[in-house]
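Peer 1: One structure follows; several queries about it will come next.
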Amino acid sequence: MIYEILLATLGGLGLFLFGMHLMSDALQKIAGSGLRRILEKLTTNRVVAVLAGTAITAIIQSSSATTVMTVGLVNAGLMSLQQALGIILGANIGTTVTAQIVAFKLTDIALPLVGIGTFMKILSKREKVRYWGDFLLGFGLLFYGMLVMQGGVMPLRDAPWVCDIFVHFSTIPVLGVLVGAVMTMIFQSSSATVGLVIALATTGVVDFPGAAALVLGDNIGTTITANLAAIGTNVSAKRVARAHFIFNFFGVCVMLLIFPYFVQFVDYLTPGDPMQMAEAGALPYAARHVANLHTLFNVTNCMLFLPIMGVLGWVASLITPGEEKPRVFRLETLVPTIFETPSFALDEARQELDYMGNEVFKMLSAAEKPLLENKETEKFLEEIDKTENIVDSLQKEINTYLTELSRNSITEKQSREVFSMLQIVSNLERIGDHCESIGKLCKRRNEFNLDFSEEGRKELSLIYHHTQMFLKTVVDAITDTPDDLMEQVQSFEPKLNAMRWEMRIKHMERLKTAKCHADAGLIFIDILTSFEKIGDHAYNIAESLSGLTLGGSRELRYAAV
């Protein structure tokens, strides 16, 4: 008997979790990268931040995804601690929507939804229709999993030893809180724990006060997700995760102090008797009582902490001391759960790509004085060497991250974005190599005490500033790509190529008239070639970015190395 109960309960829980995962994954793919932009923009004040966190979590059905996104935004410096606290308070409320949905008795339509969703997924050629099919399939599996769980745990209510265990959760609610917290830490899903509690409550295995204690514990256990996501992040991101634990933990402590009154209040607000048994042997009102308790706790907790968010931030800072460290390679420190939200994972990669682009642009900008004024060459070479090492490490880091991301469940559009980003990384690294080549050419010029003619220096200044402006336009477009990027860069590359050929011809004329030294001339030609190569790679990056913006595949033009 125990074996059958265990199999049915675990099987039902597995279907429930799988259904939730399908739903969340489908909704995130449908919503796309707009979720992160909403989080970035709708956090102007604490109330708006709470509403944004509630709405997004209710839409994607995953508080874990919201908290991971929030920690990532803080780590990237795009969101303050106070804004993040509002988002996570809202996520706590948003995650209770799952329990409210589960409390509806929709098990009769579970299997039809599975069938409809499966046919939509298999037969449709349109990507979005297939995602909606995934959503319906997940929705159906979630309710069918609940049905299987309820059938699995039903025999437990007739087992005296089980009743003896669960009765302690009513008389000693702290015990129920501990069990609920451990269950959520194991499942890594607060909704799964609440779903199991609803199954136990509707079959009469646990009474309403005992279920309430388990749900309160679930709210502590769910904070493990944010703390896992904060591993390896900066101090501010760690403080967000600690604050999540603090307000859930203290909220539960407050509720434990008034536990009997809180349970009675929820019972008063919710129609029906949670212990009233129907003819089929189920308790029809228990599910809504559990769901309402879950929602009411998180709404009350939010109202308690919203006015004192500044104090909450101060406490989080107190228990997480430390100063901001110099920037590290962030993608290496992100936990694997980031890949469960591909749209956010891609945004993180784009942020790192932007950092790499700016480092490469710094390399080119640092060449101005050594190249045009013959000054600070040694300082330039040191900076180039240091930055080149950073760029090489970034290339390895981003490539590894994107390769790992591509192995997860991503859309066709996201797959194209990954490919385009890999091309951009390669081109940025090559630009860094050409900047390094310019540095070595400047060093060789100094070692042999060579100089260019006045006309040559003017020409170098023209092509340098033109290339610098070209690269700046492309790098600025990495995080916010304008629709007319290709129109902007169309004038840069042809002009750069024309400048190079014109300057080569003029240089040959100067060599004939002995206005320029032959050895200096070789260096001059090599520098012109480096600028042309930088322009080629910058144009390739613009093509890749335009492909990303249009969401279509664009044939990439490979520059000669």
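Glycine residues also receive a Cβ, built from the backbone N, Cα and C atoms like all the rest.
What TrEMBL shows for this protein is this:
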type: TRANSMEM; residues: 42-60; note: transmembrane segment
type: TRANSMEM; residues: 131-153; note: transmembrane segment
type: TRANSMEM; residues: 165-187; note: transmembrane segment
type: TRANSMEM; residues: 245-263; note: transmembrane segment
type: TRANSMEM; residues: 303-320; note: transmembrane segment
type: DOMAIN; residues: 356-440; note: domain 'PhoU'
type: COILED; residues: 377-404; note: coiled coil
type: DOMAIN; residues: 466-544; note: domain 'PhoU'
Peer 1: Going by DSSP assignments with H, G and I as helix and E and B as strand, what are the residue counts for the domain 'PhoU' (356-440)?
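Peer 2: Going through the domain 'PhoU' (356-440) residue by residue, I get 75 helix, 0 strand, 10 coil.
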Peer 1: In the domain 'PhoU' (466-544), how many residues does DSSP assign to helix, to strand and to coil?
Peer 2: 65 helix, 0 strand, 14 coil
Peer 1: For the transmembrane segment (42-60), what are the same-chain contacts with Cβ under 8 Å, counting residues 6+ beyond its ends?
Peer 2: 24, 27-28, 31, 35, 66, 70, 79, 82-91, 93-95, 97, 302, 306, 309
Peer 1: Do any residues, 6 or more residues outside the coiled coil (377-404), come within under 8 Å Cβ-to-Cβ of it, and if so which ones?
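Peer 2: Residues packing against the coiled coil (377-404) from afar: 329, 331-332, 334, 339, 349, 352-353, 355-356, 359-360, 362-363, 366-367, 369-370, 418, 421-422, 425-426, 428-429, 432-433, 435-436, 439-440, 442-443, 446.
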